[in-house]
Amino acid sequence: MAETHSLQDLRQAAVASKVFVQRDYTSGTICKFQTKFPAELESRIDKVQFEETIQTLNNLYAEAEKLGGRSYLEGCLACLTAYTIFLCMETHYEKVLKKIAKFIQEQNEKIYAPLGLLLTDPIERGLRVVEITIFEDRSIGSR
Amino acid sequence: MPVGLSVGGALGDPSPSRPFRPSRYVPVSAATAFLVGATTLFLCFTCPWLSEKFSSFIPLYNVVVFLFTLANFCMATFMDPGVFPRAEEDEDKEDDFRAPLYKTVEVRGIQVRMKWCSTCRFYRPPRCSHCSVCDNCVEEFDHHCPWVNNCIGRRNYRYFFLFLLSLTVHIMDVFGFSLLYILHHTKQLDLVQSGVTMAVMCVAGLFFVPVAGLTGFHVVLVARGRTTNEQVTGKFRGGVNPFTHGCFKNIAHVLCSSQAPRYLGRLRKPQSVQVQPPFLRPPLSEAQLAAKVLDNGIQQSKSSLEIMESQSTDADPPPPPKPEHRYPGLPHTQNEECSLLTEAPPTPSLYKYRPAYSSPGKNHTASTHSSKMSRGNSMTESPSVPVTTGQPSYRSDPSLSSRGAAGCRGGAEGGRSGSGGLGGASAFGGRSYPSFTDTLLQSAAASCSSSLRSAHTAHNALGPLISEGTTSTSYKSLANQTRNGSLSYESLLTPSESPEFESAAHELSPPRPHPPHSLSTAAGAAPILGYTSPFLSAQQREGSLQACPAPLRPSPNRAFLRPISSPPSRAPPLSPRARSLGSPPPGPAPGHTPLGKSMSYGGGAELQHRPSSSGGGTSMPNNTVSFFLPPMATLEFLHAHPPFLCPFPFSVLFLSLRSSAVLFPALLLPCGHKDESVSVLSSTIKQNVANHNTHSHKPARGVKKVSGVGGTTYEISV
C-alpha cells in the first residue's frame, strides 16, 4: 500500500503477512467480530490477550449500536431541527468510534507493536474485518 | 464499469468516476419540482384565504409539514446510504482462482449466503447488495430509488421512510385544504386562485395513490424487519427472517437507532505507531512446540499433525500429494490434511496471503475438523464429509435448484449466481462450494466448458478427496472476469436442469480448495454434471427431480436447507427445521453442527437478477430503476414505484416491462397477498419462474426428504 512506503516507514519492519478477522454474524447484523484465534498469530501473541482485545472491541461496538434513550433523543432532536443538528453535533456512534480508535491505538502501542503486530481500525474497512498486520521478525527469522 | 480516475482522495473511494448520465436526474428533478412547486402554489394562493377564514395555524402547520418532508427528502437524496469502500488488495490476496463465489454464514440459526462481489472485492455481508447504478455495495441495501437518485440503505432508510410518511401526510393536507377552498368558492371558480388550487388538488390527488401505496408497503416492511430487496426477491417467503427482532424492535431499530457512520470519506489518521524489531514473543505452549517440530511453514492443525504422524514416521510431513494421485480410499480426515498441505503457499513472497474469508475456517483446520465454524465457512463445517458415494448426493435444497434456474434466467450473472447458489447450500466444511462451479464453467464458454466439465466431474467422481475447491476456484475468478455478462442465457438453460446433480456430486468432495492443476485429474471421471450424469444414481435424480418438479429449477426466491439428520461423523443433529428464530444459534460450540437448524436463506433471487453485465452489480434494463427485477419481483418493485407516477420517458419503459400488463390488479395488494400476485404473474413469466411457485413458499406442505452428502438429509418443500 502506498501509505506504508513513506520514508518514515523504512525504519519499520517489513510486512510479512496480514490476517483478517471476519465479522461474526451469528447474532445478526450487529457489529461483532469473531473471537476465534487465527492460526497465523499462534506464535506471535497470547490467545487470551487477542480474544480480550476483540471482545472489548465487540463491546464497544455494541455500545455504539445500542438502542437506548440516548439514541432516541438524538433522533428526536435531529427531526426537530430538520437534521441541521448533525452539522454541529457528533452522533453517539461517532463518539464511540472515536473511543474505539483510541482503544486500538492504545492496544497497538502497548501490546501489539512490541509483538510485531498492528491492528487496523475496522472502520477503515467498512467494519467488515479487523486487519492485523504481521511484521517480519528479522531477529528470529521470517515467519 | 468504466475505469476512470478516482474522484476524491477520501478513504476507500468507492468507485471511479462514472459517465455523466443526465437521464438519471430526471425523476429526482421532477419529484423536487412537483413537491416544491405545488406546495409553493398552495401556500401562495390557497393559504391566505384559509388563514383569514379559519386560522393562521393552518398555513403554519402546512409549512412545518412541508419543511419536514423536504428535510427528509434531502437527507434521503444526499446521504451516503452505507456504501462499503472497495476492499484493498491485501484483503483479496487469496488466489481468485481458488476462492468460492459464495460463503455461508449462520445468522441466528439460519444459513445465509454471502456472495463474492467482484467489483468491490469482498464477500458481501448479509443484507448487503451491489447497486449497479451507483456501482457500489450498500449495507442493508433496500433499493435504488430514482426519485431521490440514490440508493436507500442502512444509513438513509430512516429518512426515506420518514419522507414517505411525511409526504403522504403533506399530500393529504394539501388536498384536503384545497378541497375546502374549492368548496367555499364554487361560485368563484374563474378566479386565478381557484384555478391554481384546482391544479394543486389534481397534482396532489394524482400523487396520493402511489405515494400512499408505497408508504403502506414500507410500513409493512419496517414492521416485518425486511428490506425491499428481500421482500421482492422473496427471500423469506415461507421462511424465517433471521434479521427480524419483533415488530416493535424493528420499528425502534429504524427510527431510534443512532446514525450509522459512513465508511467513505473518513479521515484516515496516519499510523503513528512504530513497529520495529526485535519483537517479543509469547511463551509457547507444549502443543505449539510440538507443532513447531513438524511445522515446515505449512499451517497445520494439531489434529492434522497427528494424522500426518501416523502416516509417516518421518518428522517432516510428506509433501502434499497432488490431487490426481490421491487415493480415494483414505478416510475423510485425510482430506483436511491433504488439502491443507496442498494449499500451503508454495512460494511465499513478501506477503503470505491468507484468504480473508477463511481466517476462521481454512486456516483453522482444527476448528473445521472438530467444531463447527458456525459461520464463515458453511453450514457444515468439517470436511468430514465422508465419501458417501453410495449416498444420493442430493443436492440439498430448492435454493440450489432455484439458483440454477436463476442462472438460466439471468444470463451471465444468473449463471454465476445459480452455481453459486448451489455451491452455497452444498458447502460441506471448509469453504468451497463446488457445485456452482460446474454451472459456471458450463455457462462460461461452450468451447472450454466441456473440457472443464469433464475435469470437474472427474473430480467429483473421485469423491471427497478431490477438493471441491478445484472446481470452485475458477468461480470467483470467472465472476470477476465475466462481469460484462458474456454468458448467454441459453447456455445456462441446460445446466439449470440439474443443478441438483451438480451439487449432489459436488458434495461428495470435501470442501477444500485445491490448486488449479488438480483440474487435470478429470479423465474418465463422472461426466458433465450439468447434464444428466450417469454417475448419479437414479435415486439422486429422482430426488432432485421431485424436489424440482419442473425441468428448469426455479425457486429464485428461497432456499431453505433443512437437514434433518447429520452425518454420523458430526455432532447429533439439532432440531430440524427450526422455523422460528427462537432456537439459539449454535455459536462456536464445538461439535455443533449448524446443519441441524440450517435454513438457508441465501439470496437466490438476487442472483437471477443479473440480466447481464457487471459482476458486482445488478443491472436493470434501460436503467429505469437499478434494482433487482426478476419477473416476479417486477410486480413488487412496480408496486413500490408505480408506473403512472413516473415521468413520461419512464412510463414508456415501465409499460414495456413484461409483467406490467398484469401489474395493475396486483399493484395495491397488501404484502400478504404477494403469493397470489405471484401466481398471477407466473403465467406471464418464463417457465422456470413458474416452478418457483410450486415449492417456494409453503414449506409446511409437500416436504420432500432427500439425503445429501454424508447422510445428511434435507427437507425440500415441494
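Cβ coordinates are placed from backbone N, Cα and C, and glycine is handled just like the others.
If one looks beyond the transmembrane segment (B:25-51) by at least 6 residues along the same chain, the residues whose Cβ comes under 8 Å of a Cβ in the stretch are 58-59, 62-63, 66, 69-70, 73, 77, 146-149, 167, 170, 174, 177-178, 180-181, 184, 192-193, 196-197, 199-200, 203-204, 207, 646-647, 649-650. The transmembrane segment annotation in TrEMBL covers B:25-51 (among others).
Sequence-distant contacts of the transmembrane segment (B:57-78), counting only residues of its own chain at least 6 positions beyond either end whose CB sits under 8 Å from a CB of the stretch, comprise 28, 31-32, 35-36, 39, 42-43, 47-48, 50-51, 145, 148-150, 152, 156, 159-160, 162-163, 166-167, 169-170, 173-174, 177. Feature annotation from TrEMBL assigns transmembrane segment to B:57-78 (among others).
Taken from TrEMBL, the feature domain 'Palmitoyltransferase DHHC' applies to B:113-233.
According to TrEMBL, the transmembrane segment annotation covers B:159-183 (among others).
Residues annotated as transmembrane segment in TrEMBL: B:195-221 (among others).
Residues annotated as region 'Disordered' in TrEMBL: B:306-419 (among others).
Annotation comment: TrEMBL describes B:360-398 as compositional bias 'Polar residues'.
Positions annotated as compositional bias 'Gly residues' by TrEMBL: B:407-419.
Annotation source TrEMBL lists region 'Disordered' at B:490-522 (among others).
Look at TrEMBL and you will find B:540-619 (among others) tagged as region 'Disordered'.
The feature compositional bias 'Pro residues' is assigned by TrEMBL to B:565-575.
Residues 35, 38-39, 42, 46-47, 49-50, 58, 61-62, 65-66, 68-69, 72-73, 75-76, 79, 142, 145, 148, 152, 189, 193-194, 197-198, 200-201, 204-205, 207-208, 211-212, 214-215, 218, 222, 254-255 of the same chain, all 6+ positions outside the transmembrane segment (B:159-183), place their C-beta atoms under 8 angstroms from a C-beta of that stretch. Break the domain 'Palmitoyltransferase DHHC' (B:113-233) down by DSSP state and the numbers are 66 helix, 19 strand, 36 coil.
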